[in-house]
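Some notes on the structure that comes next.
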Amino acid sequence: MDTFKRWLNKPKADDKSLLARFFHADRSLTAVASELDSFDGRAEPDRCTRLVSRLRQNQDKVLAITNLIMEELLGEDRDPRAFRAKFPEEVLQENLAGQLWFGAECLAAGSSIMNRETESKEMRPLAQAVTKSLGNVRVLLRDQCLKNNVPNSKTLHLDLNDSTTEQLYESLKIFDRLFAEFELSYVSAMVQVKSRHEYEMQQWIGVLFSETLQRALKIGLLDQEMVDAFDPGLMFSIPRLAIVAGLVVYAKGPLNMDMPGDQLSEMFRPFRTILIKIRDLLRNLNNQELYQLEKLLCTNEDINTKVPLGSSSIEAPSPEHSAHPTTSSSQNNNNSSNNNHSSSSSTTTTMGTTSTHRTVERLVDQRNNNHNSNSNSSTNPTVEGATLRSPSMLSLSPTSTPTASPAPSPTPSHSIASTSSAATSSTNPPADWSDGDDEDEDDDDIEVDEEDLESSDDDTDEEQLLKDIVAADCASGYLIPNTNLGNLLQPQEVPLTDNFVASEDDEYGTTEQQGHQGLEEEEPSTSAAMLAATRTLQRLRLPSSDTEPLAEPTTIKATEEHMQQPSGRHRESHSHRHHQRHHHHHHHRHSHQHQHRQPHPHRTTRSGRKRCSLEAVDPETIQPEREQNLASGDTSAASSLSDDVSLAMRNTTARLKFKSTENLLHRLFVCIAGVADQLQTNFASDLRQILRSVFLMNMSSAQEEIDIPEKTKESELFEFRASENDVIQESAGSNQSIYSAEEVNPELDNVFSAGGGNQATGQRHSAGASMQRNNTIDLANQPGEGSPSGATMATSRSHVTRSRSLGDQEAASSATSSTAHLRQQEQQQQHQQLQIQLQRQRNNSVGSNTPSSASSTSSSSEQNSPVSARSGSRRRLQSNNETQMPSSATSTSATLSPPAWIPDGKAPRCMACQTPFTAFRRRHHCRNCGGVFCGVCSNASAPLPKYGLTKAVRVCRDCYVREVRSGMGVQGVQRVQSVQASAS
């Protein structure tokens, strides 16, 4: 008897309830599995392949329906699956559940994943538990299908007092937990899953992208409209700008190249070498150059900058710095916290007792007075000899050597990002720093001084420093198609290794041979190099940086200590002020930027520092000072100082290798764009997730949201196979739909609500207020006292123009002011009628793009909101009523603008029956309210004379009832009102 009842309760094929759908899907799966077990798959491989494909499809269907049942029964008791955030995007597919079930059955049967034998052995017990639990759930669900199924029910109707229902509930909970554990284990074994650190780094990358976008919007590189419209160009612009911002602006963020490589995000880890080179060059750009580069990365426009090559500070120098370098330096020094404690520029005006101070004073005076004396130094034969000492100097002539000026950093973003690589040099005219009086120094004392300061430790440190430089800078760049990014950062005529290493290496072998020529080879850069090195040592304040850890140590510290004895407090307070002004972090090399003039950093080599130092040393003080230096030498501290100075020289030297600023910016553009565009290929899924989050966070909030009820969960996988009759029924009135499509352009429709309209229509109109456009309405022969609704059912249709007027405000203001000239309007009636006719002819031909006349048309460029749209429409109608000549002989006619259509993307369901739209269930717009309905809810048709639609068009059922039932009564009332208005 029970079997007979079960047979009677078996779900029908057309039953759309969840239990019925599960019943038929499970039966199909069982049939395929039985057929697959009935023959030898090795004998018939083609048939086996087809059946396996059908098996996996049926498994997907069964698990999808089971998932819907668990959603309804378990609800919040389901096992969390937050781990899916660590999965690659391509793994999260619709058939993931079927793949997991198939893999669990294979593992339970004894097979193993290829090249994953260890993981397969560990997962096998879990896979067996999953298959067993799923089999139990299938049996219980089949039993419920035969006992408690309600045909075509959208919800489950289970007997809560039945023990099998409670058993089903517990079985579903166990299966859900086991299946979630197996999903994490199986996917982790098959693909690379992000660790916790990698996932957090990806989130930080998203924060960087968002901050970059907000910064680009703030400085005008991008527009908010592009973000709101999801402009595809932003998919390329944002990653490019993020690289620049992450390396320069937010230097301590996720693109901090100083952190270990394993802590860097996996997205940028392959590009670490090239990013370091890009960072070093970016830090030498000023504000103007950085803005030009970012604009180039956004728009791909030509570089439009004429900044000379010498401008290499992160902040653009002010005109005062360029025109008056000495004056600006003195002002910067005097405006500090202690006016009497400054660098050697201000020291020359207060201290002149010692020989060192006299030498510095002569150098500064010579720089101030000899801006145009470059011809002498360019013809000096000793300059050529000094230039040949380093290959890095071959590309520059003394006439092109700019002097450095202090470039204070007003913006905290660049001051944080700036390091010693941003050794400043501005566009000041070159100065001749040579002084004939200094050539009287004794060369023999210099040679003896050099030989006494050499040591074996210095040789070892020099070799190690050279190895570190070669290892850091000679690494190959990350490849893009047909391009080496590492080589792109080098000039075409200079090899990669010559950029940073050649000057030090070649100088090592040539300095001893030219030791006696140190005082004779003075040029602008060498004298400036002495001051730069001396000030650098003063600012760093190393306790024992007396000895230079190079192969040819110099007496820079001797000069420094000689200057420090009378002004030790001055230097200390100056160094403190420098750190407070620029907010530098713990790196020592950060404390000597943007404060004092440096020579051309390309020429500030070891030999240059040696020669310049010896110029300022009094011969009588060399021997005691040198003994004091040797007594307090610290090799490690001096080595750290040498690394910092070398880093600054290397970075600025790399910039000076390029022919022009345009060439440098172009190289940076190619490299940055190459790295950013490769992210689109190598990390497409991660980049899509980041950009999606960035767009959602930074898009402007919608002005008005359409209230559409949420869809029910049980109908997410609703299967609907439309028959021929269904298709015909749902597309009923196809001719009307074609007519509607020809008659109305939804993009140009306006939200319009007449004063006498009902509230329901106004609500539908307000739902599409965001689609409002500037429409103009022509009203002819309108009575002065007639209401806007009094002409809605007139027989004649006035012309409706949809135009984007450029003078909407002027037309609206003139229409408002026309009330004061009513009598003049009456006298000029004939002239106005002629203007109306001409305006209509132009609108019929090409459309009106000019401001409409106040007497004929009125624009609707009000605020984009439903309230202002409706109130503005009333004002426009009233203004037009006042401007028209009252006449009892003419009939009233007014045509309203059709309502805006709700976009298809904002209406996933029918607004009447809430049925989701599918490939067969089409969307239809009601011409009266603009709503989106299915074919069943919008199969009515009626003419809409108030919109100028005399033919029957598609309307929804609610609008059809209102229009048909109230049409005659409203028309009669309107006629009475029109007669009364004309009589008055």
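Using the three backbone atoms N, Cα and C, a Cβ is placed for every residue, glycine included.
Noted in Swiss-Prot for the protein shown:
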- Cys910, Cys913, Cys934, Cys937: Zn(2+) 1 binding site (BINDING)
- Cys926, Cys929, Cys956, Cys959: Zn(2+) 2 binding site (BINDING)
- 326-356: compositional bias 'Low complexity' (COMPBIAS)
- 369-380: compositional bias 'Low complexity' (COMPBIAS)
- 387-404: compositional bias 'Low complexity' (COMPBIAS)
- 412-433: compositional bias 'Low complexity' (COMPBIAS)
- 434-462: compositional bias 'Acidic residues' (COMPBIAS)
- 571-611: compositional bias 'Basic residues' (COMPBIAS)
- 630-642: compositional bias 'Low complexity' (COMPBIAS)
- 760-779: compositional bias 'Polar residues' (COMPBIAS)
- 789-806: compositional bias 'Polar residues' (COMPBIAS)
- 811-869: compositional bias 'Low complexity' (COMPBIAS)
- 886-899: compositional bias 'Low complexity' (COMPBIAS)
- Ser544: phosphoserine (MOD_RES)
- Ser545: phosphoserine (MOD_RES)
- Ser805: phosphoserine (MOD_RES)
- 308-462: region 'Disordered' (REGION)
- 508-527: region 'Disordered' (REGION)
- 539-642: region 'Disordered' (REGION)
- 749-900: region 'Disordered' (REGION)
- 904-964: zinc finger (ZN_FING)
Inter-residue C-alpha distance, Cys934 (Zn(2+) 1 binding site) and Cys926 (Zn(2+) 2 binding site) (nearest angstrom): 10
Most Cβ neighbours inside 10 Å, all chains, among the binding-site residues Cys913, Cys937: Cys937
DSSP residue counts for the zinc finger (904-964), split into helix, strand and coil: 14 helix, 18 strand, 29 coil
Non-site residues, in chain order, whose CB comes within 8 A of the mean position of the CB atoms of Cys910, Cys913, Cys934, Cys937 at Zn(2+) 1: Arg909, Met911, Ala912, Gln914, Thr915, Phe933, Gly935, Val936, Ser938
Sparsest-packed of the listed binding-site residues (Cys934, Cys956) - C-beta count within 10 angstroms: Cys934
Distance, Cys913 (Zn(2+) 1 binding site) to Cys956 (Zn(2+) 2 binding site) (CA atoms, angstrom): 11
Between Cys910 (Zn(2+) 1 binding site) and Cys959 (Zn(2+) 2 binding site): CA-CA distance (Å): 15
Neighbour tally for Cys926 (Zn(2+) 2 binding site), based on other Cβ positions within 10 Å of its Cβ: 27
Cα-Cα distance linking Cys926 (Zn(2+) 2 binding site) and Cys937 (Zn(2+) 1 binding site), given in Å to the nearest integer: 10
Integer Å distance between the CA atoms belonging to Cys926 (Zn(2+) 2 binding site) and Cys913 (Zn(2+) 1 binding site): 14
